[in-house]
Amino acid sequence: MIKITLPDGSIREYEKGITSMGIALSISEGLARNVLAAKVNGEIWDASRAITSDSTVQLLTWNDTEGKSTFWHSSAHLLAEALEALYPGTKFGIGPAIETGFYYDVDFGDRAFSQDDFENIEKKVLELAKQKNAYIRKEISKKDAVAYFTDKQDPYKLDLLEGLSDGSITFYKQGAFTDLCRGPHIPDTGFIKAVKLMSVAGAYWRGDEKSKQLTRIYGVTFPKQQELKDYLTILEEAKKRDHRKLGKELELFAFSEKVGMGLPLWLPKGALLRERLENFLKKAQVRAGYQPVVTPHIGNKQLYVTSGHFDKYGKDSFQPIFTPHEGEQFLLKPMNCPHHCEIYKTKPRSYKDLPIRFAEFGTVYRYEQSGELHGLTRVRGFTQDDAHIFCRPDQVKEEFLKVIDLVLYVFKVLGFNDYTAQISLRDPENKDKYIGEDEQWQKAEQAIIEASAEKGLSTVTELGEAAFYGPKLDFMVKDALGRKWQLGTIQVDYQLPNRFELEYTGSDNQKHRPVMLHRAPFGSLERFIAVLIEHVAGNFPLWLSPDQIAILPISEKFNDYAQDVYDRLLVKDIRGFIDNRDEKIGKKIRDTEVKKVPFMLVIGEKEVNEGKIAIRKHGGEDLGSMLVEDFIQYFESEIAKQLAV
């Protein structure tokens, strides 16, 4: 008999060789009908795979992230089977699950392919799904695997096999299709009830622009037809909220081919939005004891060699800049933390000085392939709201708790109320990916776990997702459409203080290493703004709106009074514009609604005679007429409410 520990802590005994599906059946038939795979000792397995020793087991369904991923990976295989049946001779690259479904890279040879083919392929996928063919795992020798794909004349699978060791190779078969794959997969194709092919694009084999361009087909599947309908409805709403579309309409940012791909240009309204976000966080940081610092956009290569960033991110960096006479190598700054370490070292530190909190809105640069760039969410130059806290070991937990408070304050003010904290730990089976001693990692991981529990955060733990220098706490925020985004992050780091030989004099008059905390409530400011735009559909809170008011004179003769009102509001830092176009007031109101300006101040003869303004809120609510002084008071009280959370 073997002992199986379930997520609720209960322990059950089973015969050796029990499968996860067998465990599910022992609990209830209803559960078994929904089990897609299982997490066995932290590793995702097929539900049909035998368990031969004491293990912890989590049964995975569609409601689990890993369950969805397995479902979509299996769907990619089913898509490949349909393509092979419809287009004999097709060659296949890779077909992974992604965050929003799956794709398969395909070589159709000389055959032209377009979205016009989607309907026939979808029908074939559903036809094959109804056959309820099992996904069967098989291990064979590398020699036999090479022989199989040589016979099929599939150069891409042979290329993949070249990079694998000479041990056993895993194949998966469903129906008439066999693929090279580690798995895992769902029990059978019958779980797949709805399919939608979303788009087609070109993709170079292995991401190498010198290799052949394959056809990448994106798709998504669901266990119920209604879930597909709901998903497509959300997609339509997402198109309306797309930050690239709204960014252009609201005149926030732009891109220029001459400036370079992935390098956003912030227009006046967008720059004002950024400035307000930065000032909001800067004020909160002052209250929390942070000190501002500023570092250059480039750094000597040796700085990043010392920090370990060059070895880790060198391939993602731009080429070095060489000084013409000294021959030094400089890199565009990929991270702010090495610079902050050097600031710490500018003078001796005592235990009485700690914690020291340095904060900077620092722009960093990473090389991303052109195909990976996407609006503001994936760029080559971005600004981090970076802060680094240098503290004593006994202060780590307290400082971590304070940072959690700051992150949650930011989220609450900006309306992100649905979030999960992801505790990202080191993979104990793959320690070579990380730097540092085991004892330091254990201390850091324990500090994060305890602080998260103390704050009552809803958490998930992910092995292998830690930064190379330490564990971290990432906040996974759900937006208005239910999509998850990784925004704020907090990291404990015992490694950089060692690499930079940071010291402080302790109460024992001896030298000690400080602990370093990395924190960024926004993360990338560009990415945060993109998510915020889509979350609020461009309807920013009053305090954050680039244009907070629009003054709409009914005719030209009221322009002087409109200017007077504008000047009085500007003194109070109330920003906006005067629409003095020769247009009817109805058109001015409609145009202002499209611009999502929170307040419209309409001025006609009555308002001029009474020294007032007629106030209309975005969305159509009429607040009547007010004296300018009364409006200022009302405006300021509205902002105070939004910031007092």
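From the backbone N, Cα and C atoms, a Cβ is placed for every residue, glycine too.
According to Swiss-Prot, the domain 'TGS' annotation covers 1-61, on the basis of sequence analysis.
Taken from Swiss-Prot, the feature region 'Catalytic' applies to 242-541.
What Swiss-Prot records for C337, H388, H518 is Zn(2+) binding site, and it gives sequence analysis as the kind of evidence. Annotation note: H518 (Zn(2+) binding site) sits in a strand segment as assigned by DSSP. Within the same chain, the residues at least 6 positions away from H518 (Zn(2+) binding site) whose Cβ sits under 8 Å from its Cβ are C337, D386, A387, H388, G470, K472, T489, I490, Q491, D493, listed in sequence order.
When DSSP labels each residue, the domain 'TGS' (1-61) comes out as 14 helix, 26 strand, 21 coil, counted as helix, strand and coil in that order. Within 10 Å of the Cβ of H388 (Zn(2+) binding site) there are 26 other Cβ atoms, across all protein chains. Residues M335, N336, H340, C341, D386, A387, Q491, D493, L496, M516, L517, R519 surround the recorded Zn(2+) site, their Cβ atoms falling within 8 Å of the Cβ centroid of C337, H388, H518, which are themselves excluded.
H388 (Zn(2+) binding site) falls within a strand when secondary structure is assigned with DSSP.
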